[in-house]
């Protein structure tokens, strides 16, 4: 299957999601928030959180494309599905599966800034620790990783493996 090792098992996934949930509920207590998921990878993470958020929210999505079948970004990211709610004057909770180079997130952050969002908080399931191409701040991450190619729990290779209930190190040469 190409998975060399499991680095975040199902119990760790649950614990990470629960910790993120607690952090978000404390941070956004008493606020009305637009929860903005970045498709497609956010689905498992956001799915674990959404029904247990204790603050008032509107749910929205944005999709950014920059990978085309490979394991590395191949072109400048672009918005391929825009959000439907107006972020002007609103608090935004941005949910992402992984922050890697930062280029895709920077595009979304710039869009929200241009549209005059009141505040933007970025919560990522995994944050890569390698130097980023874009200068962005992750406000909360469940897990940190150096620079391994990961699949599972929303992370994919050519559209596959997002459904795995764990996160594994992937070797595309062994697929």
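Cβ coordinates come from backbone N, Cα and C, glycine included.
These features come from Swiss-Prot:
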- 100: active site, proton acceptor (ACT_SITE)
- 40, 41, 162: diphosphate binding site (BINDING)
- 96, 97: Mg(2+) binding site (BINDING)
- 128, 149, 150, 156: GMP binding site (BINDING)
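Within 10 Å of residue 162 (diphosphate binding site), counting C-alpha to C-alpha distances, fall none of the recorded positions 96, 100, 128, 149. Among the recorded positions 41, 96, 100, the ones whose Cα sits within 10 Å of the Cα of residue 156 (GMP binding site) are 41. The DSSP secondary structure for residue 96 (Mg(2+) binding site) is strand.
Put simply, 100 is the one of the recorded positions 40, 41, 96, 97, 100 whose Cα lies nearest to the Cα of residue 149 (GMP binding site). Between the candidate binding-site residues, 40, 128, 162, the densest Cβ environment within 10 Å is the one around 128. On the backbone, the CA of residue 41 (diphosphate binding site) and the CA of residue 96 (Mg(2+) binding site) stand 7 Å apart. Residues 40, 41, 162 are recorded as binding diphosphate; their most distant pair of Cα atoms lies 9 Å apart.
The Cβ neighbour count for residue 100 (active site, proton acceptor), using a 10 Å radius and every protein chain shown, is 24. Residues 128, 149, 150, 156 are listed as the GMP binders, and the farthest two of them sit 15 Å apart at their Cα atoms. When the recorded positions 96, 97, 100, 128, 150 are screened for a C-alpha within 10 angstroms of the C-alpha of residue 40 (diphosphate binding site), the residues that qualify, in sequence order, are 96, 97. When the binding-site residues 96, 97, 156 are compared by the number of other C-beta atoms lying within 10 angstroms of their own C-beta, 156 comes out lowest.
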